[in-house]
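Worksheet: one structure, shown below.
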Amino acid sequence: MAKTIAVNAGSSSLKWQLYSMPEEVVIAKGIVERIGLNDSIFTIKYGDGQKFELVQDIENHEVAIHMLLEQLIKLNIIDKLEEITGAGHRIVAGGEHFKVSTIIDDAALKLVDDLAEFAPLHNPAEATVIRVFQKLLPETLNVGVFDTSFHTSMPAVNYLYSLPKQYYNDFAARKYGAHGTSHRYVSERAAELLGKPIEETKIITCHLGNGASITAVDGGKSIDTSMGFTPLAGLTMGTRSGDIDPSILPYLMDKLGLTDIKDMINILNKESGLLGISGVSSDMRDLLEASEENPDAGLAIEIFEDRVRKYIGSYIATMNGVDAIVFTAGIGENDADMRRNVINGLTWLGCDIDESKNNVRGEETVLSTENAKVKVFLIPTDEELMIARDVEALKK
Ligand code: ADP
């Protein structure tokens, strides 16, 4: 039976999911954490609720993948490595080059490396993992599935910053967006729920997790998205600031005695957002708990909801209408209060949430009232399945 593995490599982690294709059945999944540190954690979940866990030093991605392939056989999840005929690799930055998921040959791999400038923590790790796959599984088809591909359909009106155009021409400085695989997956599913060809739909997809972004999907194509040159832009996120006035950077650097802009960007990436405002946590569950006593936790939640609402409003204007709004990812799928508070601010635009349906977690649901002009959906995202499907489509 043909198997496809969907791989999501971070700088110190490796998440994966093994599918039997084309049935789209998950036969095992796992995560390797703390790669390159001591006491790395290696976990596999398989069968009906079985779990394999190992804590030992795993010095690099090559060792991690070696262990993974070995354990898949030892645990009888596969009989031989040749069964894994496809590997789909999530890649963060595809620049303007990778407009769709692509078979990764040597030339493509070099391009992934060359794009490291756009995602210094991610692209090099992803390229390394692909090289290890090429070495250990020489017959397996490697496919790159890029976070940015779905957004390459954005028109210049939306991807250009209002900077000297030369900076785009000379340095490819523009908006690229992210979370494209998730936005593509849930927008396709939303069109199915609308019962219309996707070409005839206007959909706003809200991927609200630790990282968060909103996309305007017109006729099945991303035409604008809230993340920017990097994932730092747009909404208030777990630890990222989202949109700010760049003039505040030199002002704050002066006050904080910082001389390296990288330290300031680090604050915007890691110490801001929900964490920065609340002073409590980057995790929405913690904030919901803390908000009863801590007004700043409540304020962080309000700011988060405000930014989500504003982006939805602006994308309704961008598309001159909307058929459906989709909530997905950790906060989008689980936080009923957030969904209600966001949608209740959009009633004038034709949204109306059905309270009796909204009290749900992680299950595909139509949340809007029967007669609402705009449908509101909860659609659990599944980036790994989308990756496996893309690999399948590229197998002969
Ligand atoms: P990522 O994949 O970007 O790390 P997730 O999509 O897993 O993030 O989302 C994580 C976020 O989802 C966290 O802020 C977490 O608190 C939030 N979340 C998970 N469950 C709930 C819940 N029941 N209520 C509110 N927020 C939740």
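Quick reminder: no glycine exception, Cβ is built from N, Cα and C everywhere.
Among the features that TrEMBL reports, Mg(2+) binding site is placed at N8, E383. According to TrEMBL, the feature ATP binding site maps to K15, H207, L208, G209, N210, G211, D283, M284, R285, G330, I331, G332, E333, N334. Summarising the annotation, TrEMBL assigns substrate binding site to R90. The active site, proton donor/acceptor annotation in TrEMBL covers D147. The site 'Transition state stabilizer' annotation in TrEMBL covers H179, R240.
Sequence features annotated in TrEMBL and their locations in the structure.
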residue : record                             : Cβ neighbours (10 Å)
K15     : ATP binding site                   : 16
D147    : active site, proton donor/acceptor : 26
L208    : ATP binding site                   : 26
N210    : ATP binding site                   : 16
R240    : site 'Transition state stabilizer' : 26
D283    : ATP binding site                   : 16
R285    : ATP binding site                   : 12
I331    : ATP binding site                   : 25
E333    : ATP binding site                   : 22
E383    : Mg(2+) binding site                : 24
Near ligand 1 by the Cβ criterion (under 6 Å), the recorded positions from N8, D147, N210, R240, E333, E383 are N210
Row H179 (site 'Transition state stabilizer'), column other C-beta within 10 angstroms, all chains, value 28
Listed in sequence order, the residues of the same chain lying six or more positions from N8 (Mg(2+) binding site) whose CB sits under 8 Å from its CB are L14, K15, W16, R90, E383, E384
Expressed in Å to no decimal places, the gap between the Cα atoms of N210 (ATP binding site) and R240 (site 'Transition state stabilizer') is 9
Students should find that the Cα atoms of R285 (ATP binding site) and the residue listed as 'active site, proton donor/acceptor' sit apart, in Å rounded to an integer, by 26
Here the 10 Å Cβ neighbour count for the residue listed as 'substrate binding site' comes out at 22
Between the C-alpha atoms of R240 (site 'Transition state stabilizer') and the residue listed as 'active site, proton donor/acceptor', the distance in angstrom, to the nearest integer, is 18
One should report the C-alpha separation between I331 (ATP binding site) and D147 (active site, proton donor/acceptor), rounded to whole angstrom, as 20
Nearest by Cα to D147 (active site, proton donor/acceptor), of the recorded positions H179, L208, E333, is H179
Students should find that the Cα atoms of D283 (ATP binding site) and H179 (site 'Transition state stabilizer') sit apart, in Å rounded to an integer, by 19
Once DSSP output is merged into helix, strand and coil, N210 (ATP binding site) belongs to coil
L208 (ATP binding site) to H179 (site 'Transition state stabilizer'), Cα to Cα, whole Å, comes out at 10
CA pair E333 (ATP binding site) / H179 (site 'Transition state stabilizer'), Å rounded to integer, equals 16
